[in-house]
Amino acid sequence: MTDVTIKTLAAERQTSVERLVQQFADAGIRKSADDSVSAQEKQTLIDHLNQKNSGPDKLTLQRKTRSTLNIPGTGGKSKSVQIEVRKKRTFVKRDPQEAERLAAEEQAQREAEEQARREAEESAKREAQQKAEREAAEQAKREAAEQAKREAAEKDKVSNQQDDMTKNAQAEKARREQEAAELKRKAEEEARRKLEEEARRVAEEARRMAEENKWTDNAEPTEDSSDYHVTTSQHARQAEDESDREVEGGRGRGRNAKAARPKKGNKHAESKADREEARAAVRGGKGGKRKGSSLQQGFQKPAQAVNRDVVIGETITVGELANKMAVKGSQVIKAMMKLGAMATINQVIDQETAQLVAEEMGHKVILRRENELEEAVMSDRDTGAAAEPRAPVVTIMGHVDHGKTSLLDYIRSTKVASGEAGGITQHIGAYHVETENGMITFLDTPGHAAFTSMRARGAQATDIVVLVVAADDGVMPQTIEAIQHAKAAGVPVVVAVNKIDKPEADPDRVKNELSQYGILPEEWGGESQFVHVSAKAGTGIDELLDAILLQAEVLELKAVRKGMASGAVIESFLDKGRGPVATVLVREGTLHKGDIVLCGFEYGRVRAMRNELGQEVLEAGPSIPVEILGLSGVPAAGDEVTVVRDEKKAREVALYRQGKFREVKLARQQKSKLENMFANMTEGEVHEVNIVLKADVQGSVEAISDSLLKLSTDEVKVKIIGSGVGGITETDATLAAASNAILVGFNVRADASARKVIEAESLDLRYYSVIYNLIDEVKAAMSGMLSPELKQQIIGLAEVRDVFKSPKFGAIAGCMVTEGVVKRHNPIRVLRDNVVIYEGELESLRRFKDDVNEVRNGMECGIGVKNYNDVRTGDVIEVFEIIEIQRTIA
């Protein structure tokens with residue numbers, strides 16, 4: 001046998017190199033991974049493993065078999081006797097040295113028998129050959145004698161007859177020789193057949209012994225120890241069944257015994273227990289009643305903890321997690337309580353929590369990504385490879401009323417601001433403008449504080465931010481917020497100093513204020529371009545456009561024009577006649593009419609596309625804003641728009657996203673922890689203002705909801721019962737009536753059926769077109785729900801000059817009113833050395849023995865304090881009243 005390396009041997013044995021090296025070390029042989037192993041070292045390792053993994057020397061098997069025997073008794077009744085047969089077998093394992101010695105003796109005996117057999121065969125061959133030779137010689141002698149007699153008798157025959165006789169004799173001799181050779185060949189074949197049968201018998205015996213002892217040669221240590229009892233018990237049980245079968249063979253010669261005897265080659269042969277049960281049934285009597293049971297001892301592995309591979313999705317309930325780990329739900333809840341979280345068996349937990357619990361209980365966690373379908377749909381898109389220059393997307397940002405829309409208005413030469421309520425931009429407007437030097441796409445964002453999220457979306461979807469600052473107003477709160485959004489998005493800023501034509505304009509002050517927030521002009525060594533413009537007079541507009549195009553040229557903006565389009569939702573709303581409408585800004589590719597789009601939780605086929613002027617278009621390239629129709633619902637502003645191939649898969653992805661959003665929302669709900677329970681117990685009564693909100697566009701719904709929720713205080717909370725895009729319907733009115741809510745419509749109206757419900761239920765319906773008015777009126781409604789503030793106001797002081805005793809009232813204080821007025825039945829305080837020693841109320845107020853209701857400053861009176869008699873000279877009685885002050889929401 002050639003030498004092999006440790007690595008090769010490890011691969012053959014299907015074990016690790018480190019484990020094989022450790023086994024060699026345990027056997028006293030030091031090896032590394034690249035060393036070779038000789039046959040002798042291999043044998044040493046096998047002997048070591050066999051010695052290490054040898055099982056117990058003695059194995060005892062006990063078996064019980066129970067059956068019932070019915071014995072006829074007196075009175076015609078049979079008596080049942082329980083019979084229990086106990087058997088005990090002990091199997092002793094031979095010592096390895098003794099086994100080797102016995103094997104050597106058996107081998108020597110087999111060799112001796114083989115040698116004797118060969119000698120016997122050779123001797124038989126020699127005897128047969130000698131016998132054949134003797135017979136041939138005797139036959140030859142007899143034939144010679146006969147021939148001599150015939151020759152003597154026939155001397156007179158002619159010479160030709162003598163020649164014929166000689167030829168016949170020669171032929172007969174050849175025949176006899178052939179018969180002798182055939183006999184010899186048959187003897188050799190018989191000997192060879194006996195040798196082959198003996199060799200097959202020895203090989204079969206060796207193969208059977210090798211199979212029985214196979215576990216001692218190749219199995220791993222852990223496998224040996226775990227399978228030993230099973231294999232040994234099987235062999236022992238087979239041996240016992242064989243011996244019992246031999247004993248039983250001589251007993252039953254009748255029909256039942258023949259029926260019970262297993263047929264040769266029957267794979268479904270009955271076990272010993274079945275045979276004993278059948279014999280008990282035969283002995284049971286005429287009725288064939290059988291009340292026997294077989295108790296058979298089994299060998300089972302002891303129960304122990306099983307570590308499993310637990311596959312966990314993004315969300316999972318506690319019960320599902322318990323099923324995956326094959327444990328009871330109470331054990332999982334107990335483990336979560338140890339980790340500091342309380343949960344019920346049906347509660348949805350997130351992936352991180354489930355991972356902690358499973359690892360705490362000793363299982364291996366496999367985190368599953370549930371968005372394989374979404375990734376497959378997104379990867380199956382035909383996008384072109386060549387990128388071409390595209391138009392810049394410019395967002396105009398700044399404080400409210402600083403002239404953003406007017407500036408864009410002048411650029412587009414249309415009056416947009418007049419259409420906006422109150423002159424304030426309520427949602428994002430997307431327009432593209434053709435100039436002499438190229439095309440520019442503008443996004444006009446609101447400047448009011450309520451529209452923070454809309455400004456953030458505008459900054460994320462843009463390439464360049466034009467920051468409009470009024471020269472007469474300077475930097476304002478929304479200006480600072482716009483700077484923060486631009487920096488967060490990493491977008492360059494071009495500053496347009498507007499209203500430069502006003503007399504009080506101060507551009508230098510604007511530069512100084514902006515420099516404090518990191519916006520430095522180029523002449524000061526910064527990177528931002530400052531352009532002085534006037535949206536009213538049209539001053540500096542061309543310079544602003546040149547600055548934008550210059551900045552775009554520096555950025556080297558490129559996009560893929562061919563292929564399937566992708567973009568973002570700038571705004572969305574529900575049109576009564578057209579259905580869901582979404583304003584989409586295409587980022588790359590070309591969007592065609594008829595494309596299948598996937599947009600957040602919604603999907604659909606583009607039925608129509610319109611530009612910002614309301615004109616029908618068939619396609620839109622990069623940096624082009626369009627309105628699309630045909631979606632299944634109103635998408636959320638900011639969602640990604642992607643063109644896909646298959647509408648069915650798009651629907652599946654949209655439904656998956658909806659379910660995922662719902663599961664994550666449930667998983668993130670507030671958990672029932674002890675501190676929350678105590679907080680809920682100590683929390684007082686909280687008033688709620690319920691509102692059902694409907695607006696014209698999705699961005700307005702978000703902005704108004706955020707602003708109203710920020711108004712909530714500890715005493716009064718704003719609760720948005722329902723919100724949506726579109727007009728107020730009968731469903732909205734019914735919801736408001738059921739939840740006692742206020743109906744608020746922002747740039748929308750109620751339809752006829754909704755108005756009937758509103759009149760019948762006397763609901764509070766309010767329309768708004770400017771967000772200021774909406775927020776102010778909700779503040780007023782919340783202020784009315786605030787509990788009034790109670791304030792103590794001192795109305796008079798009386799100094800005790802003397803104390804009198806009255807049988808009816810006890811101690812009466814003779815007082816002089818020094819300040820204000822003293823009123824009867826008002827609460828008072830008794831002060832001694834400017835320290836309050838008693839607080840109560842006046843019981844009696846008299847002047848010249850007459851009861852009076854009040855005593856004014858500078859007059860004397862007698863005061864009786866209710867339930868208090870320790871009034872002394874020099875005390876001061878302070879009279880006050882409690883007034884209510886109505887609070888307001890700041």
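Note: Cβ is positioned from N, Cα and C throughout, glycine not excepted.
The following features are taken from Swiss-Prot:
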{"type": "BINDING", "residues": "398-405, 444-448, 498-501", "note": "GTP binding site"}
{"type": "COMPBIAS", "residues": "67-81", "note": "compositional bias 'Polar residues'"}
{"type": "DOMAIN", "residues": "389-558", "note": "domain 'tr-type G'"}
{"type": "REGION", "residues": "444-447", "note": "region 'G3'"}
{"type": "REGION", "residues": "498-501", "note": "region 'G4'"}
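Sequence-distant neighbours of the region 'G4' (498-501) (same chain, 6+ residues past either end, Cβ-Cβ under 8 Å): 402-403, 407, 468-473, 507, 532-537, 539-540. Reduced to three states, the DSSP call for GLY398 (GTP binding site) is strand. The average pLDDT for the domain 'tr-type G' (389-558) in the predicted structure is 76. The secondary structure of ILE500 (GTP binding site), as reduced to three states from DSSP, is coil rather than helix or strand.
Among the binding-site residues GLY398, ASP401, the residue whose Cβ has the fewest other Cβ atoms within 10 Å is ASP401.
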